[in-house]
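Here's a structure for you.
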Amino acid sequence: SPLTQLISIFSPLQVLLVFAKEDSQSNGFCWACEKANYRCSLAHTPESALECFSEKHHDLVIVDHRHSRHFDAEALCRPDREEASVMPLINAGFNRRYVENANMMACYNELLQLEHGEVRAQFKLRACNAIFTALEQSQDAIEITSEDQVIQYVNPAYEAIMGYQQGELLGKEIIEVPKSEKNKPDLLETINTCIRKGKEWQGIYYAKKKNGDNIQQNVKITPVIGQGGSQRRHSSMARIHSMTIEAPITKVINIINAAQESSPMPVAEALDRVLEILRTTELYSPQLGTKDEDPHTNDLVGGLMTDGLRRLSGNEYILSTKQPHHLPSHLATPLSLNDIPPRIAQTMETEGSWDFDIFNLEAATMKRPLTYLGLKIFSKFGVCEFLNCPEATLRSWLQVIEANYHSSNSYHNSTHAADVLHATAYFLCKERVKQSLDPIDEVAALIAATVHDVDHPGRTNSFLCNAGSELAILYNDTAVLESHHAALAFQLTTRDDKCNIFKYIERNEYRTLRQAVIDMVLATEMTKHFEHVNKFVNSINKPLAALEENGSILTSPENRILVKRMLIKCADISNPCRPLELCIEWAGRISEEYFAQTDEEKRQGLPVVMPVFDRHTCSIPKSQISFIDYFITDMFDAWDAFADLPNLMQHLDNNFKYWKGLDERKLHSLRPPPE
Ligand code: AMP
Ligand code: ZN
């Protein structure tokens, strides 16, 4: 598009660092500039900064404000100090604070956020100015209307040719402007049909001037289709920043941010409130007013607008045909934390470490790692105390849940659930996460992780929909598996008092807990992946980066929901961030499960959902590279920025290089062949 062409002439970005002394922080930014392919200059005094700036007109200026004895950064940026100020010269303004962090990736993230946030928005605004100047100068009559055909703009040539003044036309619908009788009667309909299909229309059109004269015009009508919309990005290069800027809501937020720059105080403050609303998590669910309004309205709104998740009336589905598993008899024997066999207890000693080997536990427990790890982790978090339930109930519950995972699946078995539980518990111990979540959120997260894939058939949602499975019919092809995991979990839990861990809590507490568990299990659905990650970045990462005080960001109910969703999502697909050997094992297991699905699709003549996962042709390294590029990198960048997980990022980097290495050698297997 012309806009991107205009924008591209501004790249690479020019960055000016104003640092009294070079140190690890200025080096961090220098390296980050290099990584991002920006040009970077360094100035040590306000005077040299100004001189350098007037020469190069940098797009970004970073001023060191830590040592005010060297120079006063705020004064340098204050518009009223004309003589030694860069402020009057830069449009973007002095608009962000960066808290000292010399980590190159942190600097890099900051630069990218600035580029894809304010800087690009500024470029676009500048580009718009250029385009409108061109339109004003054009000899051709040009008219712009909105989608519903309200006139938004006419250029001077239009005014001259048609005899109207702009003011007479703006805001009017085009049908209100008199039309010539000389056109064929169905011409307008033909044009509209064409435009609605997104196609350009070109032809002869008779227009009526203001004075009533008809003139023949050679007209071209071009529909302008918004970017964003339903287009999906397929590039694996989508880094978090470019990805978020593509979401329409992010564009809106950036435009408003840019507009705030040049708005008077009351407008800027009003826009702040607009931003607050736009950043809320549930943009489309109306917030119900307090009870003192008209009761009819209250009931109607409550009855029609509240969905199943929030109503929580206990109307779980009854899955009539297949009987869920009951406790296998060999496991029904009492088992408590105190009498866990020593070999198993020993295997679990390193449970607090990220590098904990879940496959050891799988072997030691004869494929029942969830019950044992569950007992240990739930006790560590005081879940029984919170739920006020006997340990025996928790134990039975864990056993029933585990019995309903399919040990015949190579990936989606109870070892995966135990792995996700482990990751969840690990994340819950991170400082930022602890700051934002309440005890009930922690309990909900542990329960959600435990049940999140229960009764997984080892086939994907698309497979179940294509095959017309009972579950797909039951859940209308929408979030089929996730709905089933959540519903079945509650069914298994509440069906029998012996394993009903919710039996001893208050009704309201149960509702809150149930809602949180359902929300988290549904959040693992991958069609919503980008929505969850985007919301997290927009509502949490970005505001946290911009503010010093962050209490309210962390603890607002909306944001706690986002943190919980992100937490379980990251736990669910954390296998690429595990130590290499574990990561390889998981990759082998998921590939095998996908291969089995492809085999079955072929056998049954069903559409092959993921043709690359054909055991005869698949390159596992390539599939892992794509998975990491498309789903993992951005998400964990954001999660790491929040929860601080350098060890995971290190593993991820290492594992990615491992897959790249195999791929460069054109190997398709999990491991290189023996020398
Ligand atoms: P869940 O079914 O809740 O485990 O959702 C996670 C999704 O990510 C599933 O569709 C998995 O098949 C997929 N997934 C997890 N790990 C990998 C991996 N290493 N490679 C490819 N897909 C994966
Ligand atoms: Zn899962």
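Every residue number used here counts from 1 along the chain in the order it is shown.
Every residue gets a Cβ built from N, Cα and C, even glycine.
Below are the features listed in TrEMBL for this protein:
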DOMAIN    127-198  domain 'PAS'
DOMAIN    336-666  domain 'PDEase'
ACT_SITE  HIS412  active site, proton donor
BINDING   HIS412, ASN413, SER414, THR415, HIS416, ASP453, ASP572, GLN624  AMP binding site
BINDING   HIS416, HIS452, ASP453, ASP572  Zn(2+) 1 binding site
BINDING   ASP453  Zn(2+) 2 binding site
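Help me picture where these features are in the structure shown.
Residues in the domain 'PAS' (127-198) partition by DSSP class (helix H, G, I; strand E, B; coil) as 35 helix, 9 strand, 28 coil.
Along the domain 'PDEase' (336-666), the predicted structure has mean pLDDT 95.
In sequence order, TYR405, HIS406, ASP453, HIS456, GLY458, GLU593 are the residues of the chain that are 6 or more apart from HIS412 (active site, proton donor) and have a CB within less than 8 Å of its CB. DSSP assigns HIS412 (active site, proton donor) to coil in the three-state reduction, placing it in neither a helix nor a strand.
The secondary structure of HIS452 (Zn(2+) 1 binding site), as reduced to three states from DSSP, is coil rather than helix or strand. Long-range Cβ proximity for HIS452 (Zn(2+) 1 binding site), meaning a same-chain Cβ under 8 A and a gap of 6 or more residues, is found for ALA417, VAL420, GLU482, HIS485, MET520, VAL521, THR524, ILE568, ASP572.
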Other Cβ atoms within 10 Å is the metric here; tell me which of the binding-site residues SER414, HIS416, ASP453, ASP572, GLN624 scores highest.
SER414
Which binding-site residues among ASN413, SER414, THR415, ASP572 have CB under 6 Å of ligand 1?
ASP572
So which of the binding-site residues is most packed in, judged by how many other Cβ atoms lie within 10 Å of its Cβ, out of ASN413, THR415?
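The residue with the densest Cβ neighbourhood is THR415.
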For ligand 2, which among the binding-site residues ASN413, SER414, THR415, ASP453, ASP572, GLN624 have a CB under 6 Å from it?
ASP453, ASP572
